[in-house]
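Novice: Below you'll find the structure I mean.
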């Protein structure tokens, strides 16, 4: 059901369920399990099994995410629990608040906030540092199957089986107060704002039954997300672009000549009510995932998908295929089909050379990409200032670590002592212990 790759280490994790024989009545039962795999370099094998976490979750693990710095990872399950684990695979604490199965969760860019959604129709905002529930967002009328957080932590987007996406915006007064972060419903996306009404809708229907049929047809054709009858799946996982400029929503449809085309819609952050592009797929799109890297644009392309000073890469997982795109073009870079016997459930990137895909058929597949295939990578230092700000937390953390190291060294210096023997008035030598820090202080004064 879920797959995640550590941001800096060769560690891959998968979440799902395995069968276990109960000791009492000898009956098979499904239990939640997280499995760990080592990603192998320069080997014919892609991964090697490293261990499993069989305790913690009593039922299927549906979502699994590493924190941005890789120090922790979070797992959500059918047992209504979110567990925060340390890097040493120790259960640190449990977040309880959902009253039904949890389908998706996402970390904020700073690693202090988690947002989750599930079968109880709620979106819950958590403060991980304080280990507390900040807010429960109510509005969806069916399962919440996908969650994504703006990297700038200004809004949340949730996608539900009720054929709607909801954009929740943070209150301005609460932007810097992570201990009491509050969101409000900014917009609900159900249908295209400029959708044309069917002919005859303006006139009064003679037959009441015919009128209701026309209204039902209008609602069906104006809706931009697939309903339960069209798409019975556990996941509809959207994703924000790493720079926070736009997000992509799966499980979408676009009507042409009374026929639906499956695909995914892209929305600019400043226009949550109107999509800026539509990417068609042959089967329903289920998962969107972005690569965290930035690349130089291809200057020969005149009409990019999104006009940016750089290029980003993302993948769309459908029921039976994987489509690879760049923001330079609306045409996919590659399409991988016939990967699994059942629908794709999750996707994750490892840098720019590996894509891992999970499926509810119980298997994972991998796509290897040649070095330099996406072009030349753009370092964070050369990106616009509004992107650099998103990565300041990493620099602050590095500074804090170095500061702690300096302080610890200073403490070590304080504990070091030198021994001198001074001659007293009676001609005897007296042992005097002098901390070295005094000598350092004297040097600083000089």
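Glycine residues also receive a Cβ, built from the backbone N, Cα and C atoms like all the rest.
Nobody curates TrEMBL annotations by hand; they come from automatic prediction.
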Novice: For the record in TrEMBL, which of the ranges 169-194, 195-220, 221-246, 247-272 is the region 'Disordered' one?
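Specialist: My reading of TrEMBL: the region 'Disordered' range is 195-220.
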Novice: Treating G and I as helix alongside H, and B as strand alongside E, what does DSSP give for the repeat 'WD' (54-86) in helix, strand and coil?
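Specialist: Counts, helix then strand then coil: 0 helix, 18 strand, 15 coil.
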Novice: Counting each residue once, how many in the repeat 'WD' (95-136) are helix, strand and coil under DSSP?
Specialist: 0 helix, 24 strand, 18 coil
